[in-house]
Each structure stands twice: as C-alpha cells, then as structure tokens.
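Working notes, structure below.
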Amino acid sequence: MSLLLFLLSFLLDGPQGQMESYFLQVQRIVKAQEGLCIFVPCSFSSPEGKWLNRSPLYGYWFKGIRKPSLSFPVATNNKDKVLEWEARGRFQLLGDISKKNCSLLIKDVQWGDSTNYFFRMERGFERFSFKEEFRLQVEALTQKPDIFIPEVLEPGEPVTVVCLFSWTFNQCPAPSFSWMGDAVSFQESRPHTSNYSVLSFIPGLQHHDTELTCQLDFSRMSTQRTVRLRVAYAPRSLAISIFHDNVSVPDLHENPSHLEVQQGQSLRLLCTADSQPPATLSWVLEDQVLSWSSPVGSRTLALELPWVKAGDSGHYTCQAENRLGSQQHTLDLSVLYPPQDLRVTVSQANRTVLEILRNAISLPVLEGQSLCLVCVTYSNPPANVSWAWVTQTLIPIQSSEPGVLELPLVQREHEGEFTCAAQNPLGAQRISLSLSVHYPPQMSSPSCSWEAKGLHCNCSSRAWPAPSLRWRLGEGLLEGNSSNASFTVTFSSLGPWVNSSLSLLQELGPSLWLSCESWNTHGAQTTSVLLLPDKDSATAFSKGAVLGFGITALLALCLIVVIVKTLQKKGTQEEPSRPKLSRGSTILDYINVVPKTRSLARNWKAEPDAPSRSSPLDTHFPKPKKKQKDPHFTYPGCPDPTSSSQVPVSENNPEELHYAALNFSRLRLQETQDPQDTYSDYTEVRVH
C-alpha cells in the first residue's frame, strides 16, 4: 500500500512539465509591525482534470524549512490537522481553497514570526508544495492613531474630537480606545469592531496648553497619540525686554515704564505677548506706527535703534491685538545728551532783533536802550545756564529765569564780551558775543583864541561809530585836512574821538558865523562860535564901564532865564542824567568870542544882533535813515514793552536849540589908549 502511494506521489510530483502547471502568486516580502494584524493576499493554480478526484482540497501554510512531514502547519483549512503551538489563534487561512485562494491573516504579529513561509496543497493522492514563498519581516510598532481636532478651540463652545486607527483588512480585531487629559470628563463607548473613537467636551481657558491623549490597546501592545489643546484667548502677559549694545539690561523690573539711554548707544526693544490665535504686534511712537508683525509669524517683535539720538526720545508703545482683544504697554524713552544747539536771542528796545548761533558775533546796541539776551539750549538732563561778562563796572540785572540776561538801560560801561555757558553732567557748551555800545556825538566845548596869524579854534567830538566832523564858516564847509591862503584845517581821529583844528588867516567881518558840526548814524550835534569883532571908533571910558556893567547884568539875567526854561523842560520829559539822543536829533551849543579890553570903556550902547540866517543843520546835514519797523515780540523773560526804561524822545521837537548871542559891535571904547590895543586879547564865554 505504501509503495502504491509513493508511486502515485512520484507520478504527481514527477516530470518538469507537470511541475510548471503549479504556480503560487504571493508578495515576496511582507512587513508587519509588532502587535498588529497583517493580511497576506495569495492565489495559486494547478493542473485540472488529470484524474477525477472527489477528495476534499486542503491547504497548509508552513514556516521555516520545507519539510512538511517534520513540522506542523501554522494555518490550514483541515480541522483535523494539528497546528504549531505559537501560531494557534493568530494565523488563519482565510482564502477559499476551492477557488484557489490561499490568503493568510496573521494577528498579533510577534518578533518570532519573522521567517519564510510556503504553501502546500493536498487532494487525495495529489499533493504539492509550491516553490514560491514569502518572507515576513517584523518591525517595531510605530503606527499611531490619528486625532482630528480643530486647530484652535473657542472657549465655551462644544467641540468633537475623533481618534482613528486605520488598517487594511476588516477581519483584523479592533483595538480598545481610551482618552486621557484634563478635558476628558465623559467618553463615548464604541464596540471593538470600530476603528475610531469620538470625544466631546466644552473647552475653557483652563484647558489651554493641556494635553489630550488617545490610546489604543491591543492584546499585548498599545500605542497612543497626544495633542496639545489650543484654546483661543485675548493677548496677555505682554512684556518688553531691553538690550543695550546687544546686552540685556539687568535689574530692570518687568515692563519698566521709564528708560534712560545716553546718546550714541544702540538700543533693542523686544516685545512679546501670549495669545491664541497669535496676535499682531506693533511698535508705535506717539501716533506713528514704526513696525508690525505678521499674525502667523513669531510672537516677538523687535525695535532696533542702532544709534540713539536726542530725537528718539518719546513714548514707545508695544501693542498686541487679535480678534478677542488687545493689550499694550508704553515705555517712556529719555535720551540723555550734553548741551547742543546753543543759541542767543537778542531783543533790543523790546523787539526781537536777531538770533546768534555762533561765537565772536559783534552786537551793536544804542546807548540808553533796553537789551534782553535769552540763552537757549537743548539738553537732557536740563543744563544749568549762566551768563558771564568781562567788564563788571556795572552789574547787569540777572532775570529770575535761567538763561535770561536783562539790561534795562544800556550804558557804555556794559561794552565787552558776554558769554553764555550751558552745562550738565554729560558736557558743556559756550557761546560768546561782543557788546558794542553805540551813542550819538557828544562834543566838548570848543576853544578859540587869537594868535599872531589870526583866530585858532579847536573842536572835539566823541561818538560810536566814530563821528564825522567839519567846520562851517559862513556858507562854506571846511573838513578833512585842507588849507589855502584864508584858512588851514587839520583833522585827526583815535577810536571814538575825532578832533579838528581851524586856523583863520583872513580878516574877519562883523557878525561872522562859525560852527563845528559832528554827526554819525545815531545823531548830530553842532557848536557855534559867534565872532564879534569891534569897530575902530573910540568911546569914553566911563560910559563904557557903566554900559559894560549893564550888559554883564543883562547877560547873567539871560543865562538864568535859559537855565530855568531848560530845567523845566527836562523835568517834564524826565530825561536821565546822560542825554538821550534819538536818530536824527541835533543839539546846538553856542560859544561867543568877544573882545577883552585892557581899560574901562565909556559911553557903551548895547544893541542885540541876532544871526541873519537859520542853523545850517536844517539844510546841510544828511537826513537820518528811518529804521524799519520790526514786529513786536515778547520773549519769555524779557521786560514787557510797557516797562521800557528807554527815555522817550519828543517827535514834535527833534531838535533842541539853546543859545545866547550878544552883539557888541556898536559899543565904543573911551579914547584913553591906542585903539590898536582894543583887539589884543580875547576871552571865551560858553553858553550851553
């Protein structure tokens, strides 16, 4: 019987031609993760109708060495066949062998399952082991479930989360699902045949940044996936970090409200905010937006100030905003720097005249005017501003406001260099100006004397700018250095002083008018000399003496009247002790040169003889230029125009004329001596 079976088996497994009719189609390499389920598709073909065999068809899967008689199959459709112990319950022949389907299902894959597997078919006396086989490669379990959840959860709004584990064959057993996390309060139960699990809950702000885990448990293994919940909320925890020269500033309170930085340093301000969804960050200086971030970008925004300057001071605000709200913080940046842009504003006679920006400026000021100097600088911390001057003959009035220097009444003693100094702990700056006091001509009383060659007169005047000086003889003008047969004029000047000497070589007629004129841009002054030569007739000594005493009394009376009127006018106009001259004003002083007799005269008659023409200043002096009117401007610290100490000048009387002229041409001397001695000596009588 055994021999018959062997022969039949040989015939069935015999020649090569018959073996080619058997073929198995299966994947050569099959990979599976430990603990999971794997399905291996398989089909085969075999010769048909060689023998009519009604025996059942069995299929077997073996692993390892091809010796079916020495091993147990791992899976078969023959219920009477004993299976390998480790494969029981895990390997399953799912294919319908009658339909030549040899598909294999492996559950709970283990590391020991890694080997080669071949298939064998049996039907009665027909038995054949296919040469085609597959190799199972077992790998570590890395497959995880997938969790489907909204990216951002709205607080107070219900949310549904799905955990899904996918595999390729429905016959694989479903794992057991479980949820873990702070948001888990209720779990929906699902049958084990389902490959997903659903979790519903209502998120709150307390759930933000917490973990939610979905875990799958198989028979011996488990796998899980964890997600972090992101619950939407308005910006919070906004913070500003400060870096000086790329170094973090230590010992600063969180979100400082004030920051001091020295000019020239580099500064980096870093703004951060916590929000969900990410907020849009922006830096704002006052009302100007300096920079902003993208909502999908970083949660930080840096503001770079590589070279801090004075103009960078201000209120810097970092603002974070999303659809749920906003938050902001303001930093007051104070840039420290030494005094700079030092300048002086000059106000003369209560009007702003100019602004001085550099050193060594000469400032002309009219004597008697008010002057206000305001020194201004930019610095932080505020600079200590002070004034200093070289000449201290008269101490100027220092205003209570720093940097303001007031001179209510400028005098010549104030001339000199004024220096404004501004200083703070970071540095100092100075600016100087030279004060030049201008004033109109002031003439000293001229002197005249008779010399051997004729009359010699000297005239001097002082003013700034230096005045011009000339003589007027009758209708003629004598100036500079000039001479001819009738006169010689010599001119000299030194600083504010000018001097002119006149020598008259011609015979002098009666009532000859001689004057000395001086002027500059601020005014003019004239001193007149009335020459009264006597006639050659002689008079009695006694009469001349009597008349001389009478004339002397009359002269004294005239002087008293003139002085009283002058004092009354000065009292009504409240003039200062020093004459205050306006542009274009003229003062005329008169001096009379009269004979001085050696003997008493007799039978004198006095008859006044006024000049036959008006003052030459009315027609021959250059008219002063009108000053252009400046707009009124009251600078802080300068005196108000109503408190001006400048002496007012009468517009109705631009010229003041004070003179007294006496004519002695008709007085005759007593013939007690030679008439030639009558003009030998002269004396000076000055009337101001």
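Cβ coordinates come from backbone N, Cα and C, glycine included.
Which of Cys163, Cys172 pairs with Cys214 is settled by Swiss-Prot: its disulfide partner is Cys163.
In summary, of the candidate residues Asn195, Asn484, the record from Swiss-Prot lists N-linked glycosylation site for Asn195, whereas the others have no such entry there. Among Cys37, Cys318, Cys372, the one Swiss-Prot lists as the disulfide partner of Cys172 is Cys37. Swiss-Prot marks one residue of Asn53, Asn246, Asn350, Asn458 as N-linked glycosylation site, namely Asn246.
Between Cys375 and the candidates Cys372, Cys420, Swiss-Prot records a disulfide bond only with Cys420. Counting residues of the domain 'Ig-like C2-type 1' (145-228) by DSSP class, helix then strand then coil, yields 3 helix, 36 strand, 45 coil.
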